[in-house]
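Reviewing the structure listed below.
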Amino acid sequence: MKLKINSQGLKGHLKVPGDKSISHRSIMFGSIAKGKTIIHDILRGEDVLSTIEAFRALGVEIEDDGQVITVHGQGISKLKEPEKALDMGNSGTSTRLLSGILAGLPFETTLFGDDSLSKRPMDRVATPLQMMGAEIVGQTDKVKLPMTIKGSAHLKAIDYVLPVASAQVKSAVIFAALQAEGLTKVVEKEKTRSHTEEMLVQFGGEIKVSDKTSLVPGGQKLMGQEVTVPGDISSAAFWLVAGLVVENSELILENVGINETRTGILEVIQAMGGQLEILEQDEVAKAATLKVKASQLKGTEISGDLIPRLIDELPIIALLATQAEGKTIIRDAAELKVKETDRIAVVADALNSMGANIEPTDDGMIIQGGTKLHAPENAINTLGDHRIGMMVAIAALLVENGEIELERAEAIQTSYPSFFDDLEKLSENL
């Protein structure tokens with residue numbers, strides 16, 4: 001598709017789609033809890049639909065009336081062996097978290113996905129689940145999809161130190177621990193997003209969290225709840241950056257989730273001198289209205305324990321850095337290589353083709369800022385990565401003339417089906 005270029009500014013209010021991480025987990029907890037779970041403002045993107053279809057295949061009744069989703073949970077022990085292999089689409093979250101649930105169920109399930117998901121390593125989740133007693137077989141020593149899980153009704157609790165900072169692996173172990181005999185201990189090296197722990201408590205479960213250590217007793221019973229999903233800060237990130245770098249822009253984003261394990265991008269914007277206001281903060285819902293204006297920005301360093309708090313936002317942060325004066329260094333982010341694409345290489349290639357000056361490194365990027373972007377000579381392919389597609393669409397707004405062709409733009413449906421509609425709306429408000 002041809003992208004809109006040469007924006008004269010973006011103006012207006014926007015409510016971004018529901019948080020993808022919370023949407024996945026609300027379906028999962030609703031499916032393993034007993035009783036009715038009602039979910040408001042869920043993200044209806046392709047990844048979350050993969051989770052919904054997987055639990056329907058496991059025997060859970062899930063209704064969608066277009067307004068709310070209702071999950072009729074009967075408890076985890078009532079999940080049934082699916083009649084065929086489960087299609088995870090492009091969703092790493094669906095695959096890894098569901099693996100933790102399947103690990104404790106006494107039947108065999110095969111999971112498969114698209115080409116991108118089939119390249120992603122699942123050994124990181126298979127290893128602790130095998131230690132607990134599940135049998136898991138996948139492709140190559142990295143346990144890639146298709147992967148078959150033979151669960152055990154007698155999982156054993158473990159003490160496990162996560163080798164990588166991964167909320168998905170942590171969550172898989174927590175889901176398995178709910179079904180295990182004994183007390184499971186999970187230790188993180190870097191703190192990652194905490195939605196699983198918080199939602200477990202919301203559904204009546206027990207977990208003790210102290211800094212980077214979580215203790216989960218086994219044999220827990222959960223009860224259905226009512227959940228309202230806040231806006232996704234990872235989706236809001238594209239508009240935050242657009243509002244900062246496109247001249248004559250001023251944007252207000254309503255009801256954005258600001259869980260402290262996800263707000264790294266807000267700290268980066270402030271460190272770079274961006275005009276950002278946090279308004280109407282709801283401490284209970286962990287949501288706020290965010291306002292940004294076009295700003296003069298300066299380079300910064302992004303590393304260490306900040307990385308897990310903005311890992312999904314790093315592609316659009318790279319674009320932000322191209323428009324800041326001076327150098328921005330991103331390090332400790334090797335995890336980017338095993339996302340939907342190798343995001344270090346793909347981000348650098350895409351933005352460099354538009355005139356940016358980005359040097360990819362083993363664990364991040366060195367970005368020389370203050371560069372003027374131009375139309376690339378060739379089309380840019382998302383390679384099936386939704387965040388690459390949206391990053392390029394925002395970058396295109398900075399290009400004064402020429403044409404930018406985005407191939408496989410449909411990947412954006414994964415997390416933000418209304419992205420181009422929202423872009424049009426904000427462009428028309430001038």
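Quick reminder: no glycine exception, Cβ is built from N, Cα and C everywhere.
Some features that Swiss-Prot has for this protein:
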BINDING   Lys20, Ser21, Arg25, Ser166, Gln168, Asp312, Lys339  3-phosphoshikimate binding site
BINDING   Lys20, Gly92, Arg120, Gln168, Arg343, Arg387  phosphoenolpyruvate binding site
ACT_SITE  Asp312  active site, proton acceptor
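Candidate binding-site residues: Arg25, Arg120, Arg343, Arg387. Fewest other C-beta atoms within 10 angstroms, Arg120.
Of the recorded residues, Lys20 (3-phosphoshikimate binding site) and Gly92 (phosphoenolpyruvate binding site) place their C-alpha atoms 12 Å from one another. Residue pair Arg343 (phosphoenolpyruvate binding site) / Arg25 (3-phosphoshikimate binding site) shows a Cα separation of 25 Å. According to DSSP, Arg120 (phosphoenolpyruvate binding site) sits in a coil region rather than a helix or strand. Maximum intra-site Cα distance, phosphoenolpyruvate binding residues Lys20, Gly92, Arg120, Gln168, Arg343, Arg387: 19 Å. Comparing Cα positions, Gly92 (phosphoenolpyruvate binding site) lies closest to Gln168 out of the binding-site residues Ser21, Arg25, Gln168. Across the structure, Arg387 (phosphoenolpyruvate binding site) and Asp312 (3-phosphoshikimate binding site) place their CA atoms 8 angstrom apart. Neighbour counts of Cβ atoms within 10 Å were taken for the binding-site residues Lys20, Lys339; the minimum is at Lys339.
The binding-site residues near Arg120 (phosphoenolpyruvate binding site), taking a 10 angstroms Cα-Cα threshold over the set Arg25, Ser166, Gln168, Asp312, Lys339, are Lys339.
All protein chains shown were included, and the count of other CB atoms within 10 Å of the CB of Asp312 (3-phosphoshikimate binding site) stands at 24. Listed in sequence order, Thr93, Ala167, Arg193, His195, Asp232 are the same-chain residues six or more apart from Ser21 (3-phosphoshikimate binding site) with CB atoms under 8 A from its CB.
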